[in-house]
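Chemist: Annotations for this protein, taken from Swiss-Prot, read as follows:
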MOD_RES   SER5  phosphoserine
MOD_RES   SER10  phosphoserine
MOD_RES   SER64  phosphoserine
MOD_RES   SER87  phosphoserine
MOD_RES   SER108  phosphoserine
MOD_RES   SER109  phosphoserine
MOD_RES   SER137  phosphoserine
MOD_RES   SER153  phosphoserine
MOD_RES   SER175  phosphoserine
MOD_RES   SER180  phosphoserine
REGION    34-78  region '2 X 5 AA repeats of [RC]-C-L-C-D'
REGION    195-235  region 'C-X-P repeat region'
REPEAT    74-78  repeat '2'
Amino acid sequence: MAALSCLLDSVRRDIKKVDRELRQLRCIDEISSRCLCDLYMHPYCCCDLHPYPYCLCYSKRSRSCGLCDLYYPCCLCDYKLYCLRPSLRSLERLRRTTNRILASSCCSSNILGSVNVCGFEPDQVKVRVKDGKVCVSAERENRYDCLGSKKYSYMNICKEFSLPPCVDEKDVTYSYGLGSCVKIESPCYPCTSPCNPCNPCSPCSPCAPCACGPCGPCGPCGPCGPCDPCNPCYPCGSRFSCRKMIL
């Protein structure tokens, strides 16, 4: 548990660091207005206003974008965003790793699963529970203008996993949380196998006879030897043995 806590703290620090860099890029994007490179590059761009990971202009743009360099030197499709791509990929990996660790840790054992739906709005995400399986799907439509015409592209994901045998379909809930992550939860803690009720205590059985068998009756005591007529003996069974009285 100590190693798991250290790993989670390290992951959280890395996520906070990358989030700070992303907030700085958002501030730069708010300063600049609509990107003018969509005239030439928009067939390859998935967004209209350049939010951080969805702009793909840098993947197809030429060595120097004349419109951006002339009017918007702070455009997000410049060399800075190109260099930030590894950080963005690293952030997504960290988020996926964190979700898996949290889903498998003991403190969140009521979480049946989590699906990363980054890039989709909450109303675009659908969760369906049927036949002991959970299906999470999301779909969106991208529309952009290219040389006076409109073009459309579609993006969708679909994830499916099975429910544990002890979870009822009616008890499954889901929530759209931070980090664009859909969490599938159950009110009770899932277990790997159905819990067995405690066995009632069996009534006490009568004491069994000794293994050596019932005790045999005591053999009859041997009769006392005939007493000396001159010396009467003590009655049989006394603590003193028969003896002669010497006068």
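Yeah, the Cβs are placed from backbone N, Cα and C, and that goes for glycine too.
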Chemist: Taking the Cβ of SER10 (phosphoserine) as reference, which residues of that chain separated by at least 6 in sequence fall under 8 Å from it?
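Modeler: Non-local contacts for SER10 (phosphoserine): none found.
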Chemist: With H, G and I counted as helix, E and B as strand and the rest as coil, say where DSSP puts SER137 (phosphoserine).
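Modeler: Assignment for SER137 (phosphoserine) reads strand.
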Chemist: Hey, does DSSP put SER5 (phosphoserine) in a helix, a strand, or just coil?
Modeler: helix
Chemist: Distance check, please: Cα of SER137 (phosphoserine) against Cα of SER153 (phosphoserine), rounded to an integer number of angstrom.
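Modeler: Here the two Cα atoms are 17 Å apart.
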Chemist: Looking only at Cβ atoms, how many others are within 10 Å of the one on SER180 (phosphoserine)?
Modeler: 17
Chemist: If you draw a 10 Å sphere around the Cβ of SER137 (phosphoserine), how many other Cβ atoms fall inside it, taking every protein chain shown into account?
Modeler: 17
Chemist: Just to confirm: which same-chain residues, 6+ apart in sequence, have a Cβ under 8 Å from the Cβ of SER175 (phosphoserine)?
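Modeler: Non-local contacts for SER175 (phosphoserine): VAL182, LYS183, GLU185.
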Chemist: Measure from the CA atom of SER180 (phosphoserine) to the CA atom of SER5 (phosphoserine) and give the result in Å, rounded to a whole number.
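Modeler: Here the two Cα atoms are 23 Å apart.
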Chemist: Using DSSP and collapsing to three states, where does SER153 (phosphoserine) fall: helix, strand or coil?
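Modeler: The three-state answer is strand.
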Chemist: I'd like to know the mean pLDDT over the region '2 X 5 AA repeats of [RC]-C-L-C-D' (34-78).
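Modeler: A mean pLDDT of 44 is what the predicted model shows over the region '2 X 5 AA repeats of [RC]-C-L-C-D' (34-78).
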